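Notes for the one structure printed next.
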């Protein structure tokens with residue numbers, strides 16, 4: 001055992017319902033094992049690391065770390081910073097001209113006396129951590145980097161279940177449980193529920209499934225119009241599945257004629273290629289973030305789907321609602337807390353043996369929970385549309401399963 005003297009924690013990327021709980025779990029576990037180990041938390045992710053801006057974890061914080069399980073977001077703050085995007089780091093004032101952000105980060109860790117860095121984030125955060133770990137190893141810094149996999153998209157290779165995704169699906173379902181009643185407000189209403197998920201439909205599919213569980217647990221009174229058919233999910237559209245717009249419009253028009261409303265769940269990554277092609281044809285700029293990803297909130301897939309379907313199904317009013325920020329900022333649910341604690345416990349164990357990697361259930365190694373080697377971590381894992389529960393759900397709502405589509409990341 002090679003006990004660390006000082007560890008650092010940072011959270012980065014977009015929010016997910018696990019960040020606060022993961023911070024709390026790491027602080028709790030280190031305190032249980034050896035409270036003499038110093039802990040700091042970098043403020044606003046890699047930004048704080050580059051600027052040397054951190055919180056010291058005091059005895060009071062250790063005593064009250066359990067409070068973090070009750071909150072969403074990240075109390076220590078996030079940012080989207082790519083250490084290998086030198087131009088962006090300079091533009092944002094995080095490093096000076098001529099500086100290498102990776103070296104600045106590495107030197108700051110040494111200056112702060114950090115032995116182990118815990119990064120909590122998605123594929124971008126952990127690929128950034130992988131780059132940093134490789135830089136540290138190549139230049140003999142002797143620091144250990146251990147990642148925890150956060151993403152509501154559940155799209156990280158080769159990790160079976162990323163932290164926060166279960167909660168996000170549950171919260172998205174609860175969000176739509178309120179929104180759906182808007183169909184009462186107008187005849188022939190089309191409600192489009194846009195769910196987060198860049199190039200992965202897992203969250204959209206899982207949210208629809210969780211929402212239908214809520215419907216299963218409800219009592220109905222169709223005699224006065226309280227009919228499950230009107231509250232039902234009528235269509236689920238994900239990037240990995242081909243969409244026959246004409247056939248779906250015909251099917252959904254029949255639903256509209258029968259129940260006076262249509263409710264569809266759309267992944268924010270569905271139809272993006274078509275939307276981007278439209279924008280470029282019009283000479284419009286496609287906005288991207290520091291990692292080169294298209295800014296999906298600017299592209300607005302839900303609006304596009306609404307426009308495509310509205311006329312074809314005879315909708316009098318179209319309502320587009322996005323559950324993403326509501327879902328991703330939630331506190332962790334019981335299932336996620338259990339997963340987070342098991343991952344955090346192993347992360348601390350790995351810290352004591354100085355084993356770098358990303359903690360997760362390794363799909364290529366029998367789903368064993370382990371520190372997965374950084375070079376094997378990558379984003380863009382597609383949702384398997386042949387997953388039995390998804391196939392059953394499509395059959396249950398009367399939607400034909402489209403052909404598989406290869407998605408780019």
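In case you wondered, yes, glycine gets a Cβ from its N, Cα and C as well.
Among the candidates 97, 254, 268, the residue that Swiss-Prot annotates alongside 151, 152, 153, 196, 197, 198, 325, 326, 327, 328 as binding substrate is 268. Here the Cα atom of residue 153 (active site, proton acceptor) is found 5 Å from that of residue 197 (substrate binding site).
Residue 123 (Mg(2+) binding site) has 150 as its nearest neighbour among the recorded positions 14, 150, 197, 326, going by CA to CA distance. Put simply, the two farthest-apart Cα atoms among 151, 152, 153, 196, 197, 198, 268, 325, 326, 327, 328, the recorded binders of substrate, are 17 Å from each other.
Listed recorded positions: 123, 124, 153. The one with the lowest count of other Cβ atoms within 10 Å of its Cβ is 124. Of all the recorded positions listed here (150, 328), the one with the fewest other CB atoms within 10 A of its own CB is 328. According to DSSP, residue 124 (site 'Important for catalytic activity and substrate specificity') sits within a helical segment.
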